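K.L.:
Below, the features straight out of Swiss-Prot:
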REGION    74-127  region 'Disordered'
COMPBIAS  86-101  compositional bias 'Basic and acidic residues'
COMPBIAS  109-118  compositional bias 'Gly residues'
MOD_RES   K118  N6-succinyllysine
TRANSMEM  144-164  transmembrane segment
TRANSMEM  252-272  transmembrane segment
BINDING   H575, H579, D650  Zn(2+) binding site
ACT_SITE  E576  active site
REGION    760-805  region 'Disordered'
COMPBIAS  776-787  compositional bias 'Basic and acidic residues'
Amino acid sequence: MAHRCLLLWGRGACRPRGMPPMLLPGGRTGSTERLYLRMLYRYATTQAKTSRNSLLTDVIAAYQRLCSRPPKGFEKYFPNGKNGKKTSEPKEVMGEKKEPKPAAAPRPSGGGVGGGGKRGGKKDDSHWWSRFQKGDIPWDDKEFKMYFLWTALFWGGFLFYFLFKSSGREITWKDFANNYLSKGVVDRLEVVNKRFVRVTFTPGKTPVDGQYVWFNIGSVDTFERNLETLQQELGIEGENRVPVVYIAESDGSFLLSMLPTVLIIAFLLYTIRRGPAGIGRTGRGMGGLFSVGETTAKVLKDEIDVKFKDVAGCEEAKLEIMEFVNFLKNPKQYQDLGAKIPKGAILTGPPGTGKTLLAKATAGEANVPFITVSGSEFLEMFVGVGPARVRDLFALARKNAPCILFIDEIDAVGRKRGRGNFGGQSEQENTLNQLLVEMDGFNTTTNVVILAGTNRPDILDPALMRPGRFDRQIFIGPPDIKGRASIFKVHLRPLKLDSTLEKEKLARKLASLTPGFSGADVANVCNEAALIAARHLSDSINQKHFEQAIERVIGGLEKKTQVLQPEEKKTVAYHEAGHAVAGWYLEHADPLLKVSIIPRGKGLGYAQYLPREQYLYTREQLLDRMCMTLGGRVSEEIFFGRITTGAQDDLRKVTQSAYAQIVQFGMNEKVGQISFDLPRQGDMVLEKPYSEATARLIDDEVRILINDAYKRTVALLTEKKADVEKVALLLLEKEVLDKNDMVELLGPRPFAEKSTYEEFVEGTGSLDEDTSLPEGLKDWNREREGSEEPSGEKVTSPVQGAGPA
């Protein structure tokens, strides 16, 4: 274009208005100017011819420039790509500064087609395809919705085309010969796929309905012979004969026939991925059948809201766990003294005492990766999955070290070996062997603390429990009265209490009313109280609601609508009165709180006592308890001269107590100072640890002990028969009696008893639990910069409510 303008300018046709003549050296004009313009014109003409001849060269150069740009996602394979080394850098011209390029705005992780991330790269777990591979249909993803919509439109249009397309009208060979060929309306015949013939009509002679017609043929040879014969019969000769064209068409019906197969394969793939090995995966690997050997453990980082301030009643266990975290955060504190960091600890104790809750609190405050897995997740239907998952679990732990690994319900995989050689037992033993090797073998795991929880430590393999694997065994038993008070304080925080109630006093009172309760029972009591208050549309929770909740947890649901015959109700009243009076006049019996003849749970009556916080029992104390338990059966016999089935539970308790005294506690002179383990309920007993003669002696002594207790109870209630009758009659009238009613009927109890929180904790040094921390654990979940801690710094203990910094 520049050359053309220069040519026109040289010819004088393109001189702009007002433009002065071209200045020449020396400022000369005239003839010299004309000569200069002729030379310039000659040069421009030569350049224009050259440019016209090199048009193909320019196109090729432009194509090469286009191809020099690497495809998107393959930049690193090209030397001048943005990820590769640049072979030639544009040199900076002297005196010319490069302007800094504006920084590219960061792409959102989920934006753009492709789901975020480069093509060919590994998609993150939030990508819709990764979620779809795990069996999760990502309806909330816009890209997935777009693909789904286009796929649905494609298949919908495909089906619409095949369902509603014009299929023509089928005719027979006879109709074709008589109605079409004989009338001369056929232009040509199209043999489609050698299966049928489509009739094409002569222009202007199309049938009224506008549909084409077709007819089936058996074979091409037969069709050609019949057509030849028919045209000869009709006298169609030479050029008038109908031409036959052979064509092959694909109507797409094969796609429709493949649709059921595709759907079945898709369903099978989805089922495999959502099968036993694919459910509950954590996003590591493909999932499904090809990753059954991968661990299903979860790595928790800042995902748990439970803190140590939410765990109470097990302060000693909390200190142990804090120390394990301190091992990981500040190992130099122990290594300077030559100490080795313990490998792990196992939390044991009855159900509901807070083992898993303590592990959750550790995950919430440890400030190190916390890996959790259940013992049952190691065992699957495939052989060899258990050991493979153990290896993968510890590989994951080493990758995240320092970290804490928690195996919940480890008894599922850690049972004692050598109990039969069944298939499942062999797989469990292989898994246990791999676990033993990973915990303390040649490939020793460093900076990984292993915690485990179980309520069946007696069935665990001894090799698993030895030091070097689980160095510490932390027993978490039912909380004492101080522990229950602390637990009640935790669970009373979110509750809307009556304004007249003080949380401190209420927690202590409830702790004194719930002896033997675990932490889970205490939480259940608080929740039941809130439910009872909501049931009655109360604005807040009062003390009566808590008392009803305790009765609900101990005795079961109150059945006020259950109909009892008058005779049955009278029997129940005298039965419960026998219990109450026997316990009232026996020194070592538990104090009575309430007695009721309203049916609860499985029982027709209910008596609530207040057991002492006691760990050692004498023979006399156990005998008084047996007599109190037999008071109901004795009362029935004294007042009615007959016995009923209502004492079944009482007799079971008495029998268990008698066997425990003789077999376990060595409290019988004839059997001697021996102790045998009593079988647990549900255990299969193949042989007894004592002879038949000893078994017979034990049975005889148990029977004698129970008979002595029964005779003693008969003598007591016969003496106090009038008191039993008073209590029974008042029960029939009021249905529920408390301690004050008993005092009015029988007078004060002749023995001293404790009933308040202060009386129970008297002599223990303090009213509350000791939650102070040792000096070395003040900053248990923080890394120390120096080796020495400033002695004057005061750090609030996490036990008292402070979270991590």
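Even glycines carry a Cβ here, placed using N, Cα and C.
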K.L.:
With an 8 Å cut-off on Cβ-Cβ distance and a minimum sequence separation of at least 6, pull the same-chain contacts of H579 (Zn(2+) binding site), or say none.
P.N.:
V595, A607, M628, T629, G631, G632, S635
K.L.:
So if I draw a 10 Å sphere around the Cβ of D650 (Zn(2+) binding site), how many other Cβ atoms end up inside it?
P.N.:
18
K.L.:
When you average the Cβ positions of H575, H579, D650 for the Zn(2+) site, which other residues in that chain have a Cβ within 8 Å of that mean position?
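P.N.:
For the Zn(2+) site the neighbour list reads E576, G578, G605, A607, T629, L630, G631, G632, R633, S635, G646, A647.
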K.L.:
What's the CA-CA gap between D650 (Zn(2+) binding site) and E576 (active site) in angstrom, rounded?
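P.N.:
With distance taken Cα to Cα, E576 (active site) is 12 Å from D650 (Zn(2+) binding site).
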K.L.:
Show which residues of the chain containing the residue listed as 'active site', separated from it by at least 6 in sequence, have their CB under 8 Å from its CB.
P.N.:
V595, S596, I597, G605, Y606, A607, G632, A728, L731
K.L.:
Under a criterion of Cβ-Cβ distance under 8 Å and sequence separation of at least 6, what residues of the same chain contact H575 (Zn(2+) binding site)?
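P.N.:
When sequence neighbours closer than 6 are ignored, H575 (Zn(2+) binding site) has G605, G632, R633, S635, E636, T644, G646, A647 within Cβ distance under 8 Å.
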